[in-house]
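Trainee: Okay, so Swiss-Prot annotates it like this:
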{"type": "SIGNAL", "residues": "1-32", "note": "signal peptide"}
{"type": "ACT_SITE", "residues": "ASP70", "note": "active site, nucleophile"}
{"type": "REPEAT", "residues": "134-144", "note": "repeat 'BNR 1'"}
{"type": "REPEAT", "residues": "185-196", "note": "repeat 'BNR 2'"}
{"type": "REPEAT", "residues": "252-262", "note": "repeat 'BNR 3'"}
{"type": "REPEAT", "residues": "358-368", "note": "repeat 'BNR 4'"}
{"type": "ACT_SITE", "residues": "ASP480", "note": "active site, proton donor"}
{"type": "REPEAT", "residues": "533-541", "note": "repeat 'BNR 5'"}
{"type": "REPEAT", "residues": "577-586", "note": "repeat 'BNR 6'"}
{"type": "REPEAT", "residues": "616-626", "note": "repeat 'BNR 7'"}
{"type": "REPEAT", "residues": "660-671", "note": "repeat 'BNR 8'"}
{"type": "REPEAT", "residues": "708-718", "note": "repeat 'BNR 9'"}
{"type": "DOMAIN", "residues": "771-841", "note": "domain 'Dockerin'"}
Amino acid sequence: MVKKFTSKIKAAVFAAVVAATAIFGPAISSQAVTSVPYKWDNVVIGGGGGFMPGIVFNETEKDLIYARADIGGAYRWDPSTETWIPLLDHFQMDEYSYYGVESIATDPVDPNRVYIVAGMYTNDWLPNMGAILRSTDRGETWEKTILPFKMGGNMPGRSMGERLAIDPNDNRILYLGTRCGNGLWRSTDYGVTWSKVESFPNPGTYIYDPNFDYTKDIIGVVWVVFDKSSSTPGNPTKTIYVGVADKNESIYRSTDGGVTWKAVPGQPKGLLPHHGVLASNGMLYITYGDTCGPYDGNGKGQVWKFNTRTGEWIDITPIPYSSSDNRFCFAGLAVDRQNPDIIMVTSMNAWWPDEYIFRSTDGGATWKNIWEWGMYPERILHYEIDISAAPWLDWGTEKQLPEINPKLGWMIGDIEIDPFNSDRMMYVTGATIYGCDNLTDWDRGGKVKIEVKATGIEECAVLDLVSPPEGAPLVSAVGDLVGFVHDDLKVGPKKMHVPSYSSGTGIDYAELVPNFMALVAKADLYDVKKISFSYDGGRNWFQPPNEAPNSVGGGSVAVAADAKSVIWTPENASPAVTTDNGNSWKVCTNLGMGAVVASDRVNGKKFYAFYNGKFYISTDGGLTFTDTKAPQLPKSVNKIKAVPGKEGHVWLAAREGGLWRSTDGGYTFEKLSNVDTAHVVGFGKAAPGQDYMAIYITGKIDNVLGFFRSDDAGKTWVRINDDEHGYGAVDTAITGDPRVYGRVYIATNGRGIVYGEPASDEPVPTPPQVDKGLVGDLNGDNRINSTDLTLMKRYILKSIEDLPVEDDLWAADINGDGKINSTDYTYLKKYLLQAIPELPKK
């Protein structure tokens with residue numbers, strides 16, 4: 001999985017300054033915004049859903065564990081529930097960069113203290129400088145120190161570390177390894193102020209790839225380790241080791257408390273040090289690799305230990321460097337604090353047939369891998385894996401031996417053994433955190449029981465949301481995970497939409513036929529069609545024979561209210577329309593690349609578009625678009641949304657250009673005067689006594705960032721979040737629930753899907769699901785028999801015009817392709833003859 005591509009695009013969009021138009025149309029008066037109490041939570045996807053580059057155990061307090069996300073903030077482990085608690089949800093849109101956590105340090109002297117190095121990108125995608133976040137109550141509250149440089153929580157090399165370290169003898173002192181040639185920094189006042197360690201000789205030289213903006217910066221100083229035995233409590237530690245991303249000299253040491261530094265003599269060269277751990281026996285263990293990760297692990301790797309007492313370097317690589325089997329970086333590194341000779345290391349993206357997790361109980365003299373070869377293609381596994389907490393982790397696919405599914409993971413940049421419990425281990429992957437509670441069974445010939453250890457972490461980059469008027473309350477399109485049908489907001493879904501996709505980028509449904517949906521996506525395989533259709537609310541999907549012209553996939557999609565046409569706007573291509581579920585396509589007349597398109601939610605013939613500063617309407621199902629000549633429009637638009645039940649009512653979210661509405665199909669627009677910024681707009685069930693749907697936006701009103709609701713068509717607004725619930729980047733999608741007043745769903749870039757409901761003692765009911773009956777039961781008697789086959793035949797031959805059931809298409813479209821024809825008749829006949837065990841559509 002190519003993780004976080006979507007978040008990089010997000011950052012580029014976020015950084016763009018949208019110029020507000022200087023002349024506005026007739027203003028809609030808005031009163032000063034007030035706040036109403038809401039309760040907020042995640043729509044559970046489960047399993048994490050993203051890359052968590054690091055896990056940090058406190059060395060002096062049991063069960064005090066932190067995890068850091070590359071775009072989703074930081075978490076603390078709750079041992080009473082065995083779930084993770086998010087710690088940075090208070091950051092709003094303007095501080096989205098702080099959800100990129102570069103490093104975490106938990107204080108071994110005062111466990112209440114915890115520090116975070118925050119900052120997502122070192123390039124120009126986001127304006128924020130890096131920051132040190134300081135807490136004296138385990139992350140319940142934070143103070144902030146702005147650094148004079150940027151950090152890169154979502155940059156190459158982010159699983160190396162930890163870059164931030166606390167002196168175990170004098171916890172006033174912290175060291176920070178930086179990027180971009182900024183070197184090593186130090187604080188002597190609990191992280192409040194910082195100064196550069198001018199005597200440190202090497203800020204790093206390694207650059208992943210100088211040809212691209214995302215990869216052109218120096219990776220820098222990547223980890224700091226203190227030798228606690230070199231001093232006494234209350235006095236600064238004298239001996240400090242620092243790892244630098246430099247293939248010539250990468251390990252440095254100070255023996256005078258950081259005053260002077262020298263490269264450690266005799267060290268290996270030609271590789272990068274991913275992690276360094278100093279064991280109680282004086283051995284400094286280090287994992288090395290050709291590259292910094294986390295996406296690739298190409299090349300070779302090594303594992304070394306340095307005897308800090310004798311100065312001897314010992315190569316303990318599990319697979320000899322000269323072997324052709326040594327084809328990946330060694331990244332993750334763990335040492336058992338109960339026994340310094342027990343160490344574990346991981347491969348970085350070996351991929352085939354799976355990752356490698358090595359364990360040694362004799363200081364690296366011998367190793368065991370968590371699997372070994374049997375009679376090819378069989379492998380002998382020393383583990384079992386349980387993904388019941390996030391069943392979608394099987395990716396909906398089956399593997400051929402020697403590969404199996406689910407895999408051990410990928411991007412395993414960190415592995416940790418609990419310092420208080422030698423049986424507990426956790427490691428990171430590109431999609432979740434795995435772990436076990438019986439690690440030492442492996443040493444006795446037993447199997448390690450690996451399971452998902454990411455409950456509470458929701459780290460997806462969510463790209464689109466719909467809440468249809470029937471069926472599941474929510475259906476999503478998700479970066480890297482494609483997307484899901486969310487039947488229960490508090491229980492994670494079992495499967496993703498289309499396993500052959502890599503990311504879902506857009507989704508829509510037909511307002512008058514809400515079971516019909518279209519999904520557009522990215523895919524790594526060339527022959528996969530990057531649009532799919534569903535006739536059962538997203539539970540089953542089929543791909544058409546053809547794609548839109550010049551499509552590379554992705555982009556957005558708009559479905560006609562009557563389901564008779566679909567417009568796909570692929571990434572870097574012009575919008576195109578299909579009226580036959582993708583059998584044929586026609587480029588929409590008068591629109592081009594970059595157009596924003598939406599459908600009217602009443603009239604199936606109408607679509608709307610914003611393109612090159614002009615507003616367009618189509619009245620022929622999307623074939624032809626005409627400039628409405630609407631005056632005084634914003635210069636650009638992020639989202640267009642039309643109002644269900646109100647033909648011609650169109651709203652534009654124009655970021656800094658504000659919020660606009662039209663009631664005549666886009667021929668004229670009005671700008672809401674006191675909505676300063678509107679990133680996205682959506683609609684939900686109308687308030688009691690109102691005939692206009694509730695309107696939801698993320699943006700800024702009266703110079704206050706937040707989420708807002710209007711119950712009176714935009715005349716007045718209330719803020720529905722508070723300063724503790726900002727969730728960072730919330731400019732991708734928002735929708736109210738058409739069945740539950742007050743409920744709103746918001747897509748975030750790194751904190752999954754969040755939803756809010758009015759705070760009250762009475763729970764907001766989840767709408768009952770409509771039982772549409774059995775597929776194949778055409779007469780509604782809850783049985784599938786020869787009577788249904790006869791009805792099917794008569795219907796296909798047009799002897800009858802309608803079937804006895806309420807939803808003909810649901811019951812008779814046996815294979816889910818959106819049509820009722822002889823193919824469905826054949827499937828039903830085979831099923832009744834027991835030639836097939838089940839029908840294709842569930």
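Cβ coordinates come from backbone N, Cα and C, glycine included.
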Trainee: At the level of the C-alpha atoms, what whole-angstrom distance separates the residue listed as 'active site, nucleophile' and ASP480 (active site, proton donor)?
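Mentor: The separation of the Cα atoms works out to 14 Å.
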Trainee: Is the repeat 'BNR 6' (577-586) packed against any residues at least 6 beyond its ends, judged by a Cβ distance under 8 Å, and which are they?
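Mentor: Same-chain residues near the repeat 'BNR 6' (577-586) but 6 or more away: 529, 531, 533, 543-549, 564-568, 621-623, 817-818.
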Trainee: Including all protein chains displayed, how many Cβ atoms other than that of ASP480 (active site, proton donor) lie within 10 Å of its Cβ?
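Mentor: If we count other Cβ atoms within 10 Å of ASP480 (active site, proton donor), we arrive at 25.
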Trainee: Sort out the residues at least 6 away from either end of the repeat 'BNR 8' (660-671), same chain, that have Cβ-Cβ distances under 8 Å to it, and list them.
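Mentor: Contacts of the repeat 'BNR 8' (660-671) (Cβ under 8 Å, skipping residues fewer than 6 from its ends): 24-28, 600, 606, 608, 615-617, 628-634, 646-652, 654, 713-714.
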Trainee: Under a three-state reading of DSSP, tell me whether the residue listed as 'active site, nucleophile' is helix, strand or coil.
Mentor: coil
Trainee: Let me check the 10 A CB neighbour count of ASP70 (active site, nucleophile). How many other CB atoms are there?
Mentor: 27
